[in-house]
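S.K.: Handing you this structure, nothing more for now.
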Amino acid sequence: MDAGNWSQVTEFVILGFPHLQGIQAYLFVLLLLIYVTTVLGNLLVFLVVRLDSQLHTPMYHFVSILSLLELGYTAATVPKMLSNLLREEKTISFSGCLLQIYFFHSLGATECYLLTAMAYDRYLAICRPLHYSTLMTPARCAKIAVGCWLGGLAGPVAEISLVSRLPFCGPNRIQHIFCDFPPVLSLACTDTSINVLVDFAINSCKILATFLLILSSYVQIVRTVLRIPSVAGKTKAFSTCASHLTVVLIFYGSILFMYVRLKSSYSLDYDRALAVIYSVLTPFLNPFVYSLRNKDIKEAVRRQLKRSGILTEVKVGKAGQGRRRGTVTQGIASHRR
């Protein structure tokens, strides 16, 4: 198209769930409750791990970083989704759309790398326990965490750079619940086959490579655990991996179907449902998976509550009631005498 025949789009309209217009208020309340629970739950896990010295181990070091990561991951999309549910004009600027895509994909890539690092940590702990303390030192944990963040933040730079150069002349209506590469590319006024190919190649390498590394780690873990003679030993070994494996299955189960494909072979509603799973439900479930199923974190929460005086006050209150009852009993006895 000739550059003189089109005008550059300066903002997009995010359609969200157009078939659910009649229940926007209910969706807002539900999403708000999920988001508040996500923030409070992940913040609780992060603070408990950081404040409790007994959880200063490599595994929980990665868990705390994952919780912090989920806070940023949801902040990239959910607040805008909430505001759009209350507004008739569901617009976002062109630069704001690119920023949302960048942070969403960079933090998502960081999560892929971090989940891979956590799988490697479990592999060393179960398959090479005698060398674990020397292989997974605090300094190495810090380097791995920094590498995950740097790799994630650098990941979508090439894709964002290519999209920013595309001409957008209308329509400007994004058929999705937030800005993302596939729906934005479909609005460009030029051939985007290079962009689609680059997007597919980067996502395939990033998602499939990390998933295969995690899978290979768990293959080795299962082989080692099956050689443990006692049932109790097998149960304990598997229990240390259950929370991580649950998060991996939920997260990768949705993004593999969403991003590792060249064409959109599914309906728009299907894509929106997948987006809800990996952008909203996975961060929401994370604190429950790592707290309700984890004895160490539950005990750490109790210790922190005791240190803050909350549990102590309850016990003192009960003791005080006992002393008051004893005093009343003694008073009655002395009155009778």
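Backbone N, Cα and C define each Cβ position, glycine as well.
Heads up, TrEMBL stuff is auto-annotated, nobody curated it.
Sharing the feature lines straight out of TrEMBL:
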DOMAIN    41-290  domain 'G-protein coupled receptors family 1 profile'
TRANSMEM  25-48  transmembrane segment
TRANSMEM  60-79  transmembrane segment
TRANSMEM  99-120  transmembrane segment
TRANSMEM  141-158  transmembrane segment
TRANSMEM  207-226  transmembrane segment
TRANSMEM  238-260  transmembrane segment
TRANSMEM  272-292  transmembrane segment
S.K.: Could you give the mean pLDDT over the domain 'G-protein coupled receptors family 1 profile' (41-290), rounded to a whole number?
M.R.: 88
S.K.: Report the listed stretch (25-48, 60-79, 99-120, 272-292) having the maximum count of Cβ pairs within less than 8 Å of the transmembrane segment (141-158).
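M.R.: Most contacts with the transmembrane segment (141-158): 99-120.
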S.K.: Tally Cβ pairs under 8 Å between the transmembrane segment (238-260) and each listed stretch (25-48, 99-120, 207-226), then give the stretch with the top tally.
M.R.: 207-226
S.K.: Within the same chain, where does the transmembrane segment (272-292) have neighbours whose Cβ lies under 8 angstroms from its own Cβ atoms, ignoring anything closer than 6 residues to its ends? I mean 6 or more beyond.
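M.R.: 17, 31, 34-35, 37-38, 41-42, 44-45, 63, 66-67, 70-71, 73-74, 77-78, 104, 108, 176-178, 180, 243, 246-247, 250-251, 253-255, 257-258, 298, 301.
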S.K.: List, by number or range, the same-chain residues at least 6 past the transmembrane segment (207-226) whose CB is under 8 A from its CB atoms?
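M.R.: Tertiary neighbours of the transmembrane segment (207-226) are 112-113, 115-116, 119-120, 122-123, 126-127, 234, 237-238, 241, 245, 248, 252, 255-256, 259-260.
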